[in-house]
Amino acid sequence: MQLAKPLKYAAISGIVAFVGLMFGWVIFPAILKSQLKKEMALSKKTDVRKMWEKIPFALDFKIYLFNYTNAEDVQKGAVPIVKEVGPFYFEEWKEKVEVEENEGNDTINYKKIDVFLFKPELSGPGLTGEEVIVMPNIFMMAMALTVYREKPAMLNVAAKAINGIFDSPSDVFMRVKALDILFRGIIINCDRTEFAPKAACTTIKKEAPNGIVFEPNNQLRFSLFGVRNNSVDPHVVTVKRGVQNVMDVGRVVAIDGKTKMNVWRDSCNEYQGTDGTVFPPFLTHKDRLQSFSGDLCRSFKPWFQKKTSYNGIKTNRYVANIGDFANDPELQCYCDSPDKCPPKGLMDLYKCIKAPMFVSMPHYLEGDPELLKNVKGLNPNAKEHGIEIDFEPISGTPMVAKQRIQFNIQLLKSEKMDLLKDLPGTIVPLFWIEEGLSLNKTFVKMLKSQLFIPKRVVSVVCWCMISFGSLGVIAAVIFHFKGDIMHLAVAGDNSVSKIKPENDENKEVGVMGQNQEPAKVM
């Protein structure tokens with residue numbers, strides 16, 4: 001028995017609506033997910049791989065120095081007063097070199113190189129980099145603090161070494177041009193014949209701490225970032241490609257061939273998270289991201305804060321901080337023991353970089369209130385000093401990022417050194433940096449064209465199929481049962497119903513149908 005034409009149309013329309021529903025909510029998401037898994041992996045053919053190897057645009061790198069306005073008083077034990085000078089703006093170009101793949105275990109080995117270009121026109125008003133900054137002598141204080149930690153009985157010898165190398169300084173501060181301490185370098189005179197300074201310089205040359213360049217005539221050149229600029233980092237990083245499992249993309253599995261560090265205690269020695277330049281797709285606000293920082297020898301675990309948007313693209317904002325090592329069980333393994341953790345918001349980097357430095361959020365944001373009491377001139381503000389990253393959740397692409405960190409040092413107080421005996425002994429700020437990313441219009445358009453435009457087109461087509469299919473079913477059903485509907489309507493019109501008046505009089509009222517005489521009222 002063949003179906004009537006209207007029912008055929010209804011069946012076809014129903015199929016169209018069903019196909020639209022299935023394609024829009026089942027088939028297309030599966031296709032998109034499958035395609036994203038291929039595109040987000042670090043295989044040679046993907047655009048993500050090309051951008052991962054060499055970011056095709058510069059990152060914002062801003063440095064803020066703290067100028068000490070009462071250095072002479074601090075030398076006598078006064079609370080330091082600081083004034084922030086900055087930003088000194090640099091373009092930061094990132095590239096990975098000596099890239100080697102291992103398809104068998106789905107990994108890539110690489111080294112990295114960073115290039116910094118100073119842009120005075122984008123720096124703070126009037127800043128040229130030639131400004132003289134008064135700040136603690138980092139090299140001098142590092143020498144004293146290292147001896148204090150490693151061999152405190154040798155502080156007297158360290159005092160003689162400092163006097164010999166720095167020509168009997170009157171205080172622990174240096175007066176230095178901004179670009180000199182940042183990149184160009186300041187000269188450390190190791191051309192000494194006295195025992196203490198000569199022994200100290202020999203040790204320095206042997207251990208070759210970060211930031212040191214060896215010059216002729218026993219001279220050393222020290223800067224904060226000069227050694228890193230346009231130089232290949234010697235460490236070999238191994239990460240997952242994500243071809244076999246896209247959720248592993250960029251995950252650090254080894255550095256210099258070692259699958260764990262030998263720096264901290266227990267689980268803190270594990271490499272957890274990506275290398276910070278790529279993240280897995282399909283993020284939800286419940287996901288806890290992880291990235292590993294080789295500079296700080298630790299992983300960070302940003303958490304979801306709120307939903308945001310960037311250039312019309314919906315994003316999720318994640319935030320992070322340094323943490324409270326004493327009260328967070330996950331972080332206590334960064335301390336020698338739970339009762340020897342630094343104050344909230346501080347991390348001791350000595351074991352990581354072999355230099356007595358502490359890191360915190362800028363202006364001690366979210367740190368122990370005592371840190372702010374020990375320095376005047378700081379004004380922590382979450383908007384200006386917090387760590388935040390806005391991710392496009394489907395692809396896991398960072399759209400906007402502000403990674404901020406402050407470096408601090410202790411003004412060591414010690415009776416064994418005349419230069420240190422009156423210092424306040426507190427931890428004070430040196431400088432803070434902001435590494436920023438804002439995906440430019442070119443790559444925003446690329447993301448939209450590859451991800452969101454197809455999604456919207458498919459969504460519109462599917463809704464049209466569902467709408468027209470549903471309307472087609474309704475119309476076909478109505479058309480098919482049109483005769484029955486009309487018959488019922490006619491039958492209803494030809495019927496007479498009696499209505500009983502409100503009073504009990506013997507009256508009848510008829511309702512007039514077709515070809516019927518008017519009813520009489522009795």
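Indices start at 1 and increase along the chain as displayed.
Glycine residues also receive a Cβ, built from the backbone N, Cα and C atoms like all the rest.
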Taking Swiss-Prot as the reference, Cys335 is linked by a disulphide to which residue in Cys333, Cys341?
Cys341
If you consult Swiss-Prot, the disulfide counterpart of Cys333 among Cys268, Cys297, Cys352 turns out to be Cys268
Cys201, Cys352 - which one Swiss-Prot pairs with Cys297 by disulfide
Cys352
May I ask which residues of the same chain, at least 6 positions away in sequence, place their Cβ under 8 angstroms from the Cβ of Cys352 (disulfide bond)?
Val263, Leu296, Cys297, Arg298
Nearest by Cα to Asn67 (N-linked glycosylation site), of the recorded positions Asn229, Cys268, Cys335, Asn440, is Asn229
Check the Cα-Cα distances from Asn440 (N-linked glycosylation site) to the disulfide-bonded residues Cys268, Cys333, Cys335, Cys341 and tell me which is shortest.
Cys268
In the structure shown, with every protein chain counted, which of the glycosylation sites Asn105, Asn229 has the densest set of Cβ atoms within 10 angstroms of its Cβ?
Asn229
C-alpha spacing of Cys333 (disulfide bond) relative to Asn229 (N-linked glycosylation site), in angstrom:
32
Cβ-Cβ neighbours of Cys335 (disulfide bond) (radius 10 Å)
18
